[in-house]
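**Student:** Quick one: structure below, then a few questions.
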Amino acid sequence: MAAPAPKQEELQPHAVRDQLPAISYCLTSPPPWPEAILLGFQHYLVMLGTTVIIPTALVPQMGGGNEEKARVIQTLLFVAGINTLLQSFLGTRLPAVIGGSYTFVAPTISIILAGRYNGIADPHEKFVRIMRGTQGALIVASTLQIIMGFSGLWRIVVRLLSPLSAAPLVALVGFGLYELGFPSVAKCVEIGLPQIILLVALSQYIPNLVPLLGTAFERFAIIMSVALVWLYAFFLTVGGAYKNAAPKTQFHCRTDRSGLVGGAPWISVPYPFQWGAPTFDAGEAFAMMAASFVALVESTGAFIAVSRYASATPCPPSVMSRGIGWQGVGILLDGLFGTANGSSVSVENAGLLGLTRVGSRRVVQISAGFMIFFSILGKFGAVFASIPGPIVAAIYCLLFAYVGMAGVGFLQFCNLNSFRTKFILGFSVFMGLSVPQYFNEYTSVAGYGPVHTHARWFNDMINVVFSSKAFVGGAVAYLLDNTLHRHDSTARKDRGHHFWDRFRSFRTDPRSEEFYSLPFNLNKFFPSF
């Protein structure tokens, strides 16, 4: 008699995890000092991209030259270091880098185009006057996040966030920045594409091929790849590869076209009101306040991604609200020092936590030290800041993807067989991509946004809000998730809310004290709920 066929092993689903077990160093476990310092320098290199790109785009429109551009970059870097330290010590205490934000670019351009600056003939005087107007708008806009955060109002909003509504928000914080990736790589594909290939090879393939050195390649892939491709770009430049190229090609490809090294001072310490006393305009302040609210929502998604890649428990709502309050203080410092730009959580640095699998708080604090140090030593900092843009964009292709996947990872808590889940997830992601695409296409063709009334400040407010993919997608998901069959017990389970119940309060999970409590026993004076 034939033996019975062996019983096929029943497939078991992967366990749902509220923390990532494969992280090498979590939030509270720092790596050895030499490794931590090198990782901190890598975070500094990554955040330089946004720090350089935004002033490079804005300062010439303001009337400034290379000297003004170098000083603005220096100031933005200095304030970013201070804000990162404040956030890691007193805010959420997550390893989040707080740097320049693209969200504030649109209202800043609106200030640049204001009619009252048209009659100023001297470019430097025009630059200073526009900078003062930007400072005033940022100072007023900072009050929104300060009030929302420290009053606890944002805590109420975050308490209603479920894994289902968090997934589109966090995913679009990363994936929504796709236009800053390969389109910028293609501006000089001969250095951008090798950077992508080399970075993927060093971080993903070589660790498996060379196990003894695998950890080093995995954690320091960005430093290695940037050094090699930057050197390659330098040889192309000095070898005359771009001698007869178009001016735009030379600007993106050459390693000597940034003008930062020549314009930067050897030693300079940024200080408040260095451009003069801020000026205030009500309409511009309202437009900047709209950008501040969008940055608040986007930073909430980025904080959630950072907590994930730091292998910490989901950030309690009271801690999230506290972090938003300190981010508002950061925008206030931007206005006082004159950075021409507001602050938010650096998405690329959040992705770097996933790439390196090191979510240590100490590493990010060390990177803040590098920001402050190289902002004071202007010439040395300008050397690193002159890395060609396509190399930076190639890095973005990986790091933004990591943040986007942090959002997708929250779907493990949800029932993807539920048609309610399918509708909310699909509709919110689609609208989050489609609505901003319409606003951006309309603006690029017409020169102004779809909302075009006689009140310029109102136009800016609406156009800024609906141009953010993360804001639109997150808002749609949040609204639908909290109104559609909300009291249905099945829907509550399908949206994954029951997995996050124990994190709704600071005291209900003992790990909250380990990850998020304030230093120096400050919790007695600033309790979390």
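Each residue, glycine too, has its Cβ placed from N, Cα and C.
Just so you know, TrEMBL annotations never went through curation; they're auto-generated.
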**Student:** From the ranges 169-191, 192-214, 261-283, pick the one that TrEMBL records as transmembrane segment.
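**Tutor:** The listed stretch tagged transmembrane segment in TrEMBL is 192-214.
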**Student:** Taking a Cβ cut-off under 8 Å, which residues six or more beyond the ends of the transmembrane segment (192-214) line up next to it in the same chain?
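**Tutor:** Answer is 182, 184-186, 221-222, 224-226, 228-229, 232, 355, 390-391, 393-395, 397-398.
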**Student:** Answer with yes or no whether the transmembrane segment (363-385) touches the transmembrane segment (72-90) by the criterion of at least three Cβ pairs under 8 A, sequence separation 6 or more.
**Tutor:** yes
**Student:** Do the transmembrane segment (220-242) and the transmembrane segment (423-440) share at least 3 Cβ pairs closer than 8 Å, excluding pairs fewer than 6 residues apart in sequence?
**Tutor:** no
**Student:** Please work out which recorded stretch in 41-60, 96-115, 363-385, 460-480 has the most C-beta pairs separated by under 8 angstroms from the transmembrane segment (391-411)?
**Tutor:** 41-60
